[in-house]
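Asks: I have a structure I would like to understand better, so I am pasting it below and will then ask my questions one at a time.
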């Protein structure tokens, strides 16, 4: 009932609400239709995009307009189009709503002339649903690209600068305004910077000038100029834009030509000037003069000075010439001091005059110093010496010191030899002539004359002692003596002559000569020995021994004849019998008796024939046939042949020519038989003669004959003769090359080559040529117009050695053709024509000539555009006007007409000649000047001074500007108003009206002045205007209180508006207006025209200008309002403003990069190099302080230091054995003595030694080289840099040249320059040999460049290796006995040390064994159930990674030692085993152990997990070992160790490998002996529990226990079954997950009871030197910190185990990941972990099933983790989420239950863990647990390396204090603060029992696992509010795992 009532009651309200909803929904539907065409984005309505200019066509402008609606498809809702699309730059894709650039056929250019900066279009959107239209604006901004280079307005620029211009002066401002470079780009791309570039053709230009302000381009002088060095510079100036990307900047260059003007910087220079080498200085000059004594001035003036005194100004080109200074001469000082009495020098001409006669008795000489200086007030004097000698009066005659002279000369003496005064010719003949007028010690300057033999002898012209010399050779044989007289003459007096007798000494210059060459002698058989045969006589013209002759028979005598050596008589030898018919030919030699070296000789032949004693034979010719050749040029009478016959009886013989000479050409002597030439021969008529000659002794039968055959040889006695019948007048056509002209022919009657004729041309060889047959051709094209005929000389020459020739002249006429165009007399005609001349006026006559013959020239105008203005007569060439010209009708500056005219040959074929005619229209002054006003007004003070401006008139002329008719000038009309014209004037050019005189007029007076303006046109036109000038009252003119104002200096950094000073003026009842009228051309200052405050108007620059002088003026307001000024003396003042320099320029180093070197043997503080920085500021702002910034150098050495104020860098360390090292650092220069701005430069210093050096040996002194070293080094740099760019030559030393043995000698006249070179690319010295090649190869060029610095003759002699290098090589060639002995001794010492080292090692090992014995008893008592055997060592472990640095706290292990740590824990174990009260009672005895625990805990407190850990939150882990309560041994099990080395997080990516390389091999061997059948279970039993230092969840109220006996039985059974694992298969089985086969179990069953012994062996092994074993290497000290930290970071308290037989290698760490659940499957691992990066290897040991889980934390929700209580299937589960690892095991796993975990706590961000983490399997229980999480076991592969970093951790929860611990157990010592310790131990024991029960056996062949790449998830819980566990000892000693294993 109630329900019906409620429904009916609410129904109306529901209907109302429904209605409202329907209405609103309908309204919403309508609004939705209007959404189309709106923008789907927020922001401004306009779409703005940017695009680069010159973008390619189709560039996307807008990729999506984001307009709502659909424009395409079958049902479009909107329609899009473009509006306002100017020039159609934009295209629209309406479907995609995209905009594109449309630049087809054009370029989008932002620059002129297009100037498209932006494009604006409207996108029109039409809503098709409702019809609305919306416009969307799209603005496209065109971005500028740097696509244009700067352009200079002019191709080149020009500037002049005086050489005296100071450095820093701006010398060129020609780039200001539009005169510089422009760039049409925008923004920085269009801004111009100017820089000076290096000009290779003028290398000094960029150093001489600079552009400090690159934006202005003003060129500033950087270095001082010297006109005498260089007169012109070519400066290359580069203009570049300022594009942001330096690589995109564009540049252009221009050349600025700077001419240096000569300035007055050099003074006069005396002439002649002999320069000092390598300088511009003249050598000291001394002028000479000599005057006779007692002569009057009239006789001597002007005094002759040698050379004439003359000085010139060294500045020879000062412009204008009128500015060149004159030279004034004067005598500065002199000796004797009374020289002014006698001499005077003209100041302008330097003429020296004598003032009064000089007496030589008082003054023998004058030494004066003369001065020449400029007359312009800038003297710059020059000095010279003047020596005046006073000559004695010539009243004495010269005389000779000897009355006569005897001389000797060798006849063989050469010309120029000196006559000797002794026979041995050793001393010259001295002829001394003196004059008593001259001192005996001075040259009297006499003239000596010879009266004879002047062509043979001469006397030297000067000197006191004269010598005779030979002018031509003498011959003693011709003349033996010469006698002549010598006279001396002094110009006035003559001496008495003396006789000189010269005797010519003989020389062996003649050879003994026989009269005949041969002699014929007959001897008879009846002659007896000793009889004379012939008397030979030779003649020698020499005298003495040179003329004595000795005779000797050389050959032919056969011993039958002898000769007398003295007389030359040939006689028959003794005992010789002559035989008829024998003949002899004796060779006889005649020799003189001169010395053997000079001896001469000749020979003759004596023919001897033996005859019978009576006459029995006729005469007989020597031969029957004679043949000879006779030249036809032989002279008449020449002897041709000797036809002498012999008659045995000696009868007289008669000779005759019997036949062959009818013309009697030859003569034969009848008596002698000599045949001679009787007449001249002519070969051309008779060329051979055969003569028959006879010889008769008078008897009838006494006649014999002989034949003479004479051949006449030719001589060149005939010249070639031209054929006279060939034509000699020839012709040839012009302009034809190789044209035949004609032919000549010549013959020669001579024979052979003498008759061969050769032709040549005597002239015009370049125009004609002639062939060997005489044909003549043209060599080039002839031009008749140049020359119409030629007279060609043809030369015919025969072929003789001395040829004869003849010539023939040919007349050649050149025939004309039409080959020339008419040529105007001028190529350009320029004529001035007045405007307005009438038509028909002739104004020019042009003329053209055609050089061709018969040409008829006609003229016409070629340019058709002027034919209506001008007419040209076709024949006369007269040019006239067709219409009048008007100057004003032409454009400005173009009142001229230029056109072409041509001249052509009417009958010719050549093109016409062309000329240019320029008609300049002259303006004829059409308009007069017109004033801007008719009446001007002005005001003036009554006392205005002369030149005071009053007002300015202005007139304009309408004539074209720039012409004389438009130039307006002004003058005063003095006719209308004469008095005003007398006191006022107008400036002719400016029109400014000024006062002509100083005024003194009455106030209020008004003057009228008529000013006339006139032009310079023709005729002159003018106009006039009136100026009314009012004289003001003095009180109306303001007066300044001061004439000069000097405000305080203004800082150059003063901002605009900074007040400089205040000026003030006063006037009666006047408002004053101030203004600056002069001195402010740069607009640097402004003035408040009311207050007079002067302020800074624009930036100042002290370096540009240091002061300003402003002229300010004060005027009354009335005057100003009248636009007038009234200047006067009182209303103007000067303001002197000084600019104060500020430190606004940083220092700039001369170089950006300095290169230097230092030798290895350099001493401390040796100078390296000097740096220098300059500053444009002044004062202290330019005073530098230098410092160095040097990178750290080993051992904390500084390396280098710099002198603070000099910039000299010095060494600050020694560089021994540091060759090839280098240092790079920076040098900082700070101005203001280190307090101001700074600049920096880089410095490179390379360490070298003499192995890098070369010595340059020069023949100049070291002092000269040292002075010029900078210039010389620059030259060497240039040549080295040709090979290695940027290289620097460094000078090591400059010294005297060293030479000799071992370079022990020094020569200071020569220099050794030791250098080396640094390569900036390698920063090291260039190889010595390479440096030698660079320099030696250019030695000639270097010497040429060194010449100006070395001087004449200076050069480099050689380039050699330093002496130290040579000595080092010598010392290194052999090894001395001392070195060998030292090496042998060192070898012996090493051999002796090896046994000692071995003894120490053995002793140390025995000591370790004894320490291990101490632990045996404890190990026996702590024996536990038998463990399974350990797995064998892997066959091939991977190489270990490099060890990281040891963790913090590791030093404790090193200090205590492993044995000490072990003993401490054993002692603690025994104390625990004594009972519950053992620890408290014996606390004192264990103080050491507690102290160790405390120190160890404290050492771990600083360790951190992620970044530095706060002191209040330390996180060291606690590791305890627990066993079940029922086990009496485990109940009192002590804490042994937890090997946790804290590591810094910065090394967490590198796993610990400490000691691995040293101990791994040894520990692997030992581990095999330690393995036993109980080892595996023993390790599992004794897995440690790790408590991290964090607040835990609450522990359960009571522990759950299991039956210990049942658990032990099960454990032992599993152990026996697992013994089947073969020892060699280490890692192939797991004690928790797999079982051994039966065979292996039986095989090792006997080892079950050997646990104690094995434990003892293990302890022994550990204590005897091996802290690690391969079986337990994963529990080693080096790996434990990583695992422990991983558990701290990544897990809640849990139990994690790792089987003892598994060798797990921890992978690099990963950041922990927190997951909520995990389902895992287990499989039997092969127990070798993979070492892939970012992987973890671990195993899960389940908790015993009987352990109760702790209660969950009530307030925190937690997602459950489901665990199954039944075995998991073999197939893998569903794919886990990322970062999870799934394990597939072939065997069933223990049942698990779902364990809800507590929610995660609020933890700090997890850091990168230092090592991988292992996570345990959660306990198999159905009760939720809060103290554990689960993680799958690791899949291990057999390829892993040493698993030293794999451990197991167990983290039990902390106990709640309210639960308490069991009463019968009280923790002792360090465990006293652990809560609920018994429950924890029991839980752990039950867990291990559960492990044994739930590990069924597995097939060994299937035992293979793989370590996954990712960790499974984990859940980390932490509660900040829980109390922390007490610190426990974190042990360092590595104990056997049977007692305690820690992570």
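Numbering starts at 1 and runs along the chain as it is shown here.
Keep in mind that glycine also has a Cβ here, set from the backbone N, Cα and C atoms.
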Asks: Going by what Swiss-Prot says, which of 395, 424 is noted as N-linked glycosylation site?
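Replies: With Swiss-Prot as the source, N-linked glycosylation site is noted for 424.
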Asks: Quick one: which of 826, 1528 has N-linked glycosylation site in Swiss-Prot?
Replies: 826
Asks: Which residue among 773, 1582 does Swiss-Prot mark as N-linked glycosylation site?
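Replies: Checked Swiss-Prot: the N-linked glycosylation site annotation sits on 773.
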Asks: What does DSSP say about residue 729 (N-linked glycosylation site): helix, strand or coil?
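Replies: Where residue 729 (N-linked glycosylation site) sits, the three-state DSSP reduction gives strand.
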Asks: With H, G and I counted as helix, E and B as strand and the rest as coil, say where DSSP puts residue 1180 (N-linked glycosylation site).
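Replies: For residue 1180 (N-linked glycosylation site) - judged by DSSP and reduced to three states - the answer is helix.
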Asks: Would you please pick out, from the glycosylation sites 102, 773, 1089, the one with the fewest other Cβ atoms within 10 Å of its Cβ?
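Replies: So among 102, 773, 1089, the glycosylation sites given, the one with the fewest Cβ atoms within 10 Å is 773.
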Asks: Name the residues of the same chain, 6+ apart in sequence, whose Cβ is under 8 Å from the Cβ of residue 564 (N-linked glycosylation site)?
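Replies: The list for residue 564 (N-linked glycosylation site) reads 551, 571, given in order along the sequence.
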Asks: Would you mind giving the whole-number mean pLDDT across the topological domain 'Cytoplasmic' (1403-1943)?
Replies: 43
Asks: To the nearest whole angstrom, what is the C-alpha distance linking residue 424 (N-linked glycosylation site) and residue 667 (N-linked glycosylation site)?
Replies: 57
Asks: Where the distance is taken from Cα to Cα, which of the glycosylation sites 773, 826, 1180 turns out closest to residue 1089 (N-linked glycosylation site)?
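Replies: Result: the closest of the glycosylation sites to residue 1089 (N-linked glycosylation site) is 1180.
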Asks: Is any of the glycosylation sites 102, 729, 773, 826, 856, 1180 within 10 Å of residue 57 (N-linked glycosylation site) (Cα-Cα), and if so, which, in sequence order?
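Replies: Hits: 102.
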Asks: About how far apart, in whole Å, are the alpha carbons (Cα) of residue 1180 (N-linked glycosylation site) and residue 729 (N-linked glycosylation site)?
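Replies: One finds 98 Å between the Cα atoms of these residues.
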Asks: Return the residue, from the listed glycosylation sites 667, 729, 826, 1180, with the maximum count of other C-beta atoms within 10 angstroms of its C-beta.
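Replies: The residue with the densest Cβ neighbourhood is 667.
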Asks: What whole-number Å value do you get for the CA-CA distance of residue 826 (N-linked glycosylation site) and residue 773 (N-linked glycosylation site)?
Replies: 48
Asks: If one looks at the chain holding residue 856 (N-linked glycosylation site), which residues at least 6 apart in sequence have a CB under 8 angstroms from its CB?
Replies: 905, 906, 907
Asks: Between the Cα atoms of residue 667 (N-linked glycosylation site) and residue 773 (N-linked glycosylation site), find the distance and write it as a whole number of Å.
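Replies: Just about 45 Å between their Cα atoms.
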Asks: Whole-number answer please: how many Å between the C-alpha atoms of residue 102 (N-linked glycosylation site) and residue 729 (N-linked glycosylation site)?
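Replies: Cα to Cα, residue 102 (N-linked glycosylation site) and residue 729 (N-linked glycosylation site) are separated by 85 Å.
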Asks: How long is the line from the C-alpha of residue 773 (N-linked glycosylation site) to the C-alpha of residue 729 (N-linked glycosylation site), rounded to the nearest angstrom?
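Replies: Distance (Cα to Cα, whole Å): 19 Å.
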Asks: Of all the glycosylation sites here, 57, 424, which one's CB has the most other CB atoms within 10 A?
Replies: 57
Asks: Can you tell me whether DSSP puts residue 856 (N-linked glycosylation site) in helix, strand or coil?
Replies: coil
